[in-house]
Amino acid sequence: MELLRQLNQQLQTLDQHNLIRQRRTVDSPCGPRVQVDGRELLAFCSNDYLSLANHPAIKQALQEGVELYGAGSGASHLISGHGRAHVQLEERLAAFIGDHLEAPRALTFCTGYMANLAIITGLTVADPDTAIFSESLNHASLIDGARLSRKRVQVYPHADLATLKQLLADSNAATKLVVTDSVFSMDGDLAPLPQLLALCEQYGAWLVVDDAHGFGTLGARGHGALEHFDLRSPYLVYMGTLGKAAGVSGAFVAAHETVIETLIQKARPYIFTTATPPALAHALLTSLDLIEGDEGVARRAHLQSLIAQLDSGLQLQRWQRMPSSTAIQPIVIGDNAETMRAGAALYQQGLWLGTIRPPTVPAGTARLRATLCAGHTSADVEQLIVALNALERT
Ligand code: PMP
């Protein structure tokens, strides 16, 4: 009972600081328009960047996958849950990212969160003398992976190459791991990956790239941040998610075959969990075809045009835009309560945006976060621009 009292007190404190998070129940498929509480909303808050989550070809492939493989995998990968569709997906993903790696191999995971835990804990298991260099705006799953590894972690300030260089130069750890998001999930900017990779190669460090928001959206063929920056190195460990632009669920790691074999043998988030349903892996084969093909090219081009439209249309004075050229477009308001009021006012008008507060972002930088998707029309984005410009002036 004492615990319940303490928990209630904690919840009240969150409420007083406008930090309670509300879930809303969606009654329709994911898409640019969704049904919530009997209303249609224009949603600017999903990560379904290419609007593939409700794509007829992927849904059909999912049904086909269920016919072929049933509903569930029934076991973990190392027992009996590793299906033919998982193998096909891994081979396809290794080819997808392979141009950028040496001796490429890919491994699928249930979620990106688990893949990140696996990379950091799995890669650091071999050498007790490992140091981790982690970018300050990294996703929670990378932070948690570093904590779980129980290795020395040094956090370098956002995009601060000079500080990272100094930390790498000063470190005498035998194994060094630099860990970064490619597209920062709450700011939308890109990590300076070419410069990061150059530093890693100079100091013999590995570069772990979390491309959750880049896979499918960046690069001419949608292969992600490594294609966008035209990078290639044996020192790269790449993580892409399959529940965002790919429209389904799951994640994968692509790296040198020895790294992947190590994860299979050692990474607890891979070993001790039930494999994703093979039907999902089967559906993802169609997602990858769409991402790489003409349809993906057209969807990325449309998405870019929407990003440019928002960029030129938003005219804010008090609120601050972040310098983002990706589908993630944050508008920093600062104060938690004002951010919540702005989010509620937009919602009233049928516009659903993310309201992001601490601890997800640093205190004093609460923000609205608009994410654009290929399924949005130019008129949708115009509606958002008009609403935001007007709201800021009230
Ligand atoms: N990394 C980043 C940068 C993310 O934004 C997310 C999800 N929000 C993840 C990892 C985790 O991916 P998943 O949702 O597949 O667990």
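Just so you know, glycine gets a Cβ as well, placed from its N, Cα and C.
Remember, TrEMBL labels are computer predictions, not curated facts.
According to TrEMBL, the feature substrate binding site maps to R21, H139, T360. Counting only same-chain residues six or more apart in sequence, the Cβ atoms lying under 8 angstroms from the Cβ of H139 (substrate binding site) belong to N116, D181, S185, D210, A212.
Annotation source TrEMBL lists domain 'Aminotransferase class I/classII large' at 40-388.
According to TrEMBL, the feature pyridoxal 5'-phosphate binding site maps to G112, Y113, S185, H213, T241. Non-local neighbourhood of G112 (pyridoxal 5'-phosphate binding site): S141, D210, A212, M239, T241, G243, A251, each in the same chain, at least six residues away, with C-beta under 8 Å from its C-beta.
Residues near K244 (N6-(pyridoxal phosphate)lysine) in space but far in sequence (CB under 8 A, at least 6 apart, same chain), listed by position: N47, D48, Y49, A212, H213, F215, G216. Residues annotated as N6-(pyridoxal phosphate)lysine in TrEMBL: K244.
All protein chains considered, the CB of H213 (pyridoxal 5'-phosphate binding site) has 28 other CB atoms within 10 Å.
Secondary structure at Y113 (pyridoxal 5'-phosphate binding site), as computed by DSSP, is helix. Cβ contacts within 10 Å of S185 (pyridoxal 5'-phosphate binding site), excluding its own Cβ and spanning all protein chains shown: 23. Y113 (pyridoxal 5'-phosphate binding site) and R21 (substrate binding site) have their C-alpha atoms 20 Å apart, to the nearest angstrom. Of the residues the record lists as binding substrate, namely R21, H139, T360, the two whose Cα atoms sit farthest apart are 18 Å from each other. By the rule that a residue counts when its Cβ sits under 6 Å from some atom of ligand 1, the binding-site residues S185, T241, T360 yield S185, T241. DSSP assigns T241 (pyridoxal 5'-phosphate binding site) to a strand segment in the three-state reduction.
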